[in-house]
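Everything on this sheet refers to the single structure shown next.
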C-alpha cells in the first residue's frame, strides 16, 4: 500500500490567493469520479479509452519509455492511476493537494503492489524524488500560474528516466485566449500559449492529438 508524504505549500508567493482559492474549492468537492470530473463523470470511459490509445502509441515507438515508474499529477482519487497507468507501469506514484482525495485513493484503487507513494501537495510545491518513465498531467496544469507551470515542467524534465515522457492532457480555449475560472481558480489556456510554455520549459512535442467523442459544449481537449 502506498504511503502519504506531506509537503508544506510556500507562503511567500504573490499568487497565494490563486492557490488557496483552488484549495478551498476542491475541499468542498466529493471524493468521487463525478466530483473530480466536475460533474462530468459520464465522460470518464471515453476519456480513458482515448488516453490508453494515445499512451500505447507512445510505448511502441523506437525510443519508447520504460515500464518501471509513472507519476500521476493532480491524481484526485486515482482514476487515471487505477484505470490507465497501472496497466503499463510497475509502480505509480500520485501527487494531489487534497488530502481527502488521497485518502479515498487507497480505497478506490484497492490493494495493489503497484501503488507507490502518495504525495499530498500542490504541484507548485512538488519536487519528484524518483525518476519516471511517464509523468501524466491531466486537467491540473490550469491550476498553476504561467511562471510556476514553466518551473514545474522543468523540474519534471530532469525527473524523467531515459526516454521518459511528460504527457499533458488539458482543456484548450477555442478563442486562443487564456480564460480564468474564478469559481475553481484555474486557467484554461489557448493551444499556442501551452506550446510557448513547453518551449520555455525546454520541451519538444513528440505527438499531438485531439480528444474526440466528448459531448458538445465542453472545452476542446488536446494531449
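Backbone N, Cα and C define each Cβ position, glycine as well.
For the S-adenosyl-L-methionine site, TrEMBL lists 74, 79, 123, 124; matching the candidates 56, 138 against that entry yields 138. Taking a C-beta cut-off of under 8 Å and a sequence gap of six or more, residue 79 (S-adenosyl-L-methionine binding site) has these contacts in its own chain: 33, 36, 37, 44, 48, 108. Largest Cα-Cα distance over the residues recorded as binding S-adenosyl-L-methionine, namely 74, 79, 123, 124, 138, equals 22 Å.
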